[in-house]
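Annotated features in Swiss-Prot:
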type	residues	note
BINDING	123, 173, 177, 295, 327, 379	substrate binding site
ACT_SITE	175	active site, proton acceptor
MOD_RES	201	N6-carboxylysine
BINDING	201, 203, 204	Mg(2+) binding site
ACT_SITE	294	active site, proton acceptor
């Protein structure tokens, strides 16, 4: 018998399988300020106690495996293991529990969202003891937050770059999203910016397809931006989607955008991946580019109520990885989003400090210290009649983005942009005068129609549009 084997035998190593809860369920544990805390919605298989299910999540997302192993004796599990420290039943749901897990900070590589997610959600979601598992929220300790650079610029720097204050920013996604030539695409960009929008946008799946290669699109969009700026005296931008098949190609596209002198580029951060996103955010910070983030694929991850990951976790991850804008739902419009829950993660994006508030889906108090904020983008099935509600719900620090609600105007793209700008300015003025947008919104829009035929035409087209499914 080797000396190593004798040593292990002397401390009582016993091969075999034992319950996770014997090691990883620790209700007496007091969390540390440096712990990463996770709130999981756990649905155990029939016959699996919640303590065992919660402990299994803690084990399989940290140091545990299915059986005891010799090498456990070569490290300190008490220092490195995850701990399920509290369990509470979910009100109104049978056999669902919120299990709180604490992870020591040493388990995670500094400045790497990729590593954080690989550990916490990388393997445990397929665990047989669980019918379903959802990560509802994370508390990122300040010690870990400070290892990330975060958004390239943030809200205040963006406003200073654009010289635009006191109102939400206005955007438009160019439609049809696929099939336009680069020149016709640039024409639509110009018309929307000339009509009064601050930004136009590539759709998330516009990359570099045969009908419109990326370099041609970038050139025509830059021409459109420069022409609109010269005619309006306002700083304009178009979210040039730099997402590509490789990180090298993505950075090459961002470099070309910088050389053209445009203010902002775009990335699909979930399909592109967090490593690519963080790399692009670092480039944008170093080279004065704003970074717009689209959340394409998010509903694959976050839509199911008992499995996957809530968008507030993806939003926190984006603030760490880096982005100046991110799509965040609308509350109104065609895409799903509950008001209080949506405002909960909107505050997590913008504010320096957010208090725990379960009514808004916030499980932990979160401090971002000096990390810049991210502008939430409201987009998806919205039009001029929604403007009062959007202004009231999202406030000034937001981007309100109308695709079909601009390009679907009966008189064309520029009048569609005019209608949206007039509606926004009317709502901001009414709010500043003390009027209640929630109660008087339709009246405010109708009053503005009297001196804007473009707005009146838009209101007539979309007066009956509702998304009720």
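Every residue, even glycine, has its Cβ placed from backbone N, Cα and C.
Swiss-Prot feature annotations superimposed on the structure.
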| residue | record | Cβ contacts under 8 Å, 6 or more apart |
| --- | --- | --- |
| 123 | substrate binding site | 60, 61 |
| 173 | substrate binding site | 200, 201, 202, 203, 379, 401, 403 |
| 175 | active site, proton acceptor | 203, 403, 404, 407 |
| 177 | substrate binding site | 203, 205, 206 |
| 204 | Mg(2+) binding site | 241, 243, 268, 271, 294, 296 |
| 295 | substrate binding site | 268, 269, 270, 311, 314, 326, 327 |
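Pairwise Cα distances among 123, 173, 177, 295, 327, 379, the recorded substrate-binding residues, top out at 36 Å. If you draw a 10 Å sphere around the CB of residue 201 (N6-carboxylysine), it holds 29 other CB atoms from the protein chains shown.
Summary of the Mg(2+) site environment: with the site residues 201, 203, 204 set aside, the chain residues having Cβ atoms within 8 Å of the Cβ mean position are 173, 174, 177, 202, 205, 206, 239, 241, 266, 294. For the recorded positions 294, 327, the largest tally of other C-beta atoms within 10 A is found at 294. The DSSP secondary structure for residue 294 (active site, proton acceptor) is strand. For the binding-site residues 203, 379, the largest tally of other C-beta atoms within 10 A is found at 379.
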